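Annotation source TrEMBL lists active site, proton donor at TYR97. Taken from TrEMBL, the feature substrate binding site covers HIS153. Here TrEMBL flags 30-42 as compositional bias 'Low complexity'. Look at TrEMBL and you will find 67-306 tagged as domain 'NADP-dependent oxidoreductase'. If you look up TrEMBL, you'll see 26-48 marked as region 'Disordered'. Summarising the annotation, TrEMBL assigns signal peptide to 1-21.
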Amino acid sequence: MKKLTLLLITFSFLFILSACSQEKTKKSSDSSSTASRQTSETPGNFNFDSKTVTLNSGYQMPVYGLGTYSLHGKECKTSVTAALNNGVRLIDTAHAYGNEKEIGEAVRSSDVPRKEIFIITKLYPDQFSDPEAAIEEALDQLDLGYIDMMLLHHPGNGDVKAYKAMEKAVKEGKIHSIGLSNWYIEELEEFLPQVDTVPALVQNEIHPYYQENDVIPYIQEHGITVQGWYPLGGRGHTQELLNDPVISKIAEHHDKSSAQVILRWNLQKGVVVIPGSSNPEHIKENTELFDFELTDDEMMQIHDLDRGEKHDWY
Ligand code: NAP
């Protein structure tokens, strides 16, 4: 009888121990399956809960936004308004796009407080000879009080001088953060020693057919946030990319669109995305990136699509 009691006690103890360990395993796998697990693991220190990244300038920037390269006039205003109404808080423009004025108007007429919106604009190389005037022009055109981020659009004659003028404008409170666009490893190695402020952002062409897998880690290791232009391949190339069989299959598996898979792939690599769109449905779709997560295998399948195929000259 004594032996039977002892056996029963041992069995009960083992049962409780196994139940506890199963519960512990379930809890840890539950939490690891959520997209927020990415918070501490994603390169670039993205916070997938707040959907922002803290820049080396101390400012927070949304990790997805609207690109406005091809948007002008009324279409530009309605697209920016649609974006703001759908929770987009980052708008990318440039002097060269000729739409800073419309973007300023759309932001001013929105109910979203100015301080919640992050505006990026850029100085074009033909403005580098008088950067102070170019900065004033951007401030005037946008008419939003300050500029969240100003980039040099391309390397060019006088780029260091233009960057120094932006550094001065930061001290004067006209611009919050500064950075570069279309600067790669060689250009950065030459440029960085000549300036005082490490850029907060580098914006370069990045999509599954042109991945810059050497450049991205180099930039991130310098504490600089990376942003990808032409995330969907750029106009004229989007259909091929969106219909890519590998991407389409992953999209089908997650019940998402190909565009969402490509944008999510960027985010999981720590790359901020600014897809361009004038279609309110696409604009909304491009914000729904946080309710699914690509597996390591899916990330690798997209990684293998790289062809080093640039879709623009710069
Ligand atoms: P993109 O974002 O790669 O592609 C835009 C195209 O994708 C448009 O034709 C758009 O059509 C379509 N699209 C958007 N969302 C979609 C969706 N969910 N499903 C299907 N199609 C979708 O190219 P981009 O606009 O030229 O580039 C993005 C931004 O990067 C630019 O707007 C600009 O702000 C910036 N950029 C910077 C540089 C630089 O040198 N720094 C150079 C180029 C671009 P719909 O309008 O019909 O949605």
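Placement of Cβ uses the backbone N, Cα and C atoms for every residue, glycine included.
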How many Å separate the Cα atoms of the residue listed as 'active site, proton donor' and the residue listed as 'substrate binding site'?
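Cα of the residue listed as 'active site, proton donor' to Cα of the residue listed as 'substrate binding site' measures 11 Å after rounding.
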Quick one: what's DSSP say for the residue listed as 'active site, proton donor', helix, strand or coil?
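Its secondary structure by DSSP: helix.
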Over the domain 'NADP-dependent oxidoreductase' (67-306), work out the mean pLDDT and round it to an integer.
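Average per-residue pLDDT within the domain 'NADP-dependent oxidoreductase' (67-306): 98.
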Using DSSP reduced to three states, classify HIS153 (substrate binding site) as helix, strand or coil.
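In three-state terms, HIS153 (substrate binding site) counts as coil.
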Provide the number of Cβ atoms within 10 Å of the Cβ of the residue listed as 'active site, proton donor', excluding the reference atom itself.
21
How many other Cβ atoms sit within 10 Å of the Cβ of HIS153 (substrate binding site)?
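There are 24 such Cβ atoms around HIS153 (substrate binding site).
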